[in-house]
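K.L.:
Sharing the record's features from TrEMBL:
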DOMAIN    1-110  domain 'NADH:ubiquinone oxidoreductase chain 4 N-terminal'
TRANSMEM  21-42  transmembrane segment
TRANSMEM  62-81  transmembrane segment
TRANSMEM  93-111  transmembrane segment
DOMAIN    113-403  domain 'NADH:quinone oxidoreductase/Mrp antiporter transmembrane'
TRANSMEM  146-168  transmembrane segment
TRANSMEM  195-217  transmembrane segment
TRANSMEM  224-246  transmembrane segment
TRANSMEM  258-279  transmembrane segment
TRANSMEM  286-304  transmembrane segment
TRANSMEM  310-331  transmembrane segment
TRANSMEM  352-370  transmembrane segment
TRANSMEM  390-414  transmembrane segment
TRANSMEM  435-455  transmembrane segment
């Protein structure tokens, strides 16, 4: 674990003391080395599942794919941010890089924590760098409003989690995930116990986000700079799913009777968020609502509590992380040339950027879960486990998949096909840097077709 954490920390002095000319290349190389080293976590799985163990941090088949995704994303964020920060003062560029690196540091500690309180502290610590990235480097004046929404939604929902964890510490005597799994299930019968159950999950349901408490997400995505959108879509939403999976260990007896309203909201959210996507004109907003729709499926898969539901949720989280991050990068390449997020103003771009249109096609197909990509595998596993729970779920999940296919095709056809509008003149050509970012997003997705067991959460 330290072989990743210490180099991550060392990137901060690199960002501050590197010569201006070498600032971006050095941090990029350092983060790429960390990302490649993180793949070694996949190799060492023990019989009990927990590896690279010390008293506070460990990896298991659930956290390893998310840790690798976190490390993989930092070099991509650095690559994607170079264009829009190169006119800024040097100190501000250094601060920006420091925030991205510290965010990776907190996320690694959150995903590898074996103590629930440590997980909670790191879960909250990721809030600060993200808030600073959104409110300082966002594009419009609304970024302050978006930052407030993000802060208060997250804080208001995570206070009950802290109280619930302290109650759990009092009743069970431990908050270590290594020992909680061997505790006998608690007898949860009173109304207070049911409130405690909601308190345990509320913070994660808001972070995912569940439809109904999702309003902070489109605002934060639309106003954030490209790196903020990437880390938010790819990893920070997954903190919610990861926390839910961890807490399910403790909440087992009550979940079977408490899950009905939450699964209904999640499944309804798939259809509603997808329908909202169909009438969006803002490209980033469309991709953000698409995340709400996909995360609804993940929430349902986790709450059903079957091995297939859990494995499908994890596969879909990783696949969606790579896909939505790639889509935000593509939306950013449009924005850097046209200076507008409106789909109505950016049409027919395959005429001037044909290779970018190819990347758009691949990313859109991944978003609508084209076989044999892991996106489809995750969705099918979740839908299968939901059908086992109730046949009626098929109506909502089936409709949700159709709507997902519709808005993905709508997004691709509207932005790429048709004649080029007259107001688009003298567009910059696409750069090698942008093609590299897209390749590094979509190649792992294609390679995971060959070995999806890596991200399924099952011990080899």
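Even glycines carry a Cβ here, placed using N, Cα and C.
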K.L.:
List, by number or range, the same-chain residues at least 6 past the transmembrane segment (21-42) whose CB is under 8 A from its CB atoms?
P.N.:
3-4, 7-8, 10-11, 14-15, 51-52, 59, 64, 67-68, 71-72, 74-75, 78-79, 82, 90, 93-94, 97, 101, 104, 454
K.L.:
Which range out of 93-111, 310-331, 390-414 gives the transmembrane segment (435-455) the most CB pairs under 8 Å?
P.N.:
310-331
K.L.:
Within the domain 'NADH:ubiquinone oxidoreductase chain 4 N-terminal' (1-110), count helix residues (DSSP H, G, I), strand residues (E, B) and coil residues, in that order.
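P.N.:
Helix, strand and coil residues of the domain 'NADH:ubiquinone oxidoreductase chain 4 N-terminal' (1-110) number 83 helix, 3 strand, 24 coil.
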K.L.:
Run the contact check on the transmembrane segment (224-246) against the transmembrane segment (352-370): 3 or more C-beta pairs under 8 Å, excluding pairs closer than 6 in sequence.
P.N.:
no
K.L.:
What stretch in 62-81, 93-111, 195-217, 390-414 has the biggest tally of Cβ pairs under 8 Å against the transmembrane segment (310-331)?
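P.N.:
Ranking 62-81, 93-111, 195-217, 390-414 by Cβ pairs under 8 Å to the transmembrane segment (310-331) puts 62-81 first.
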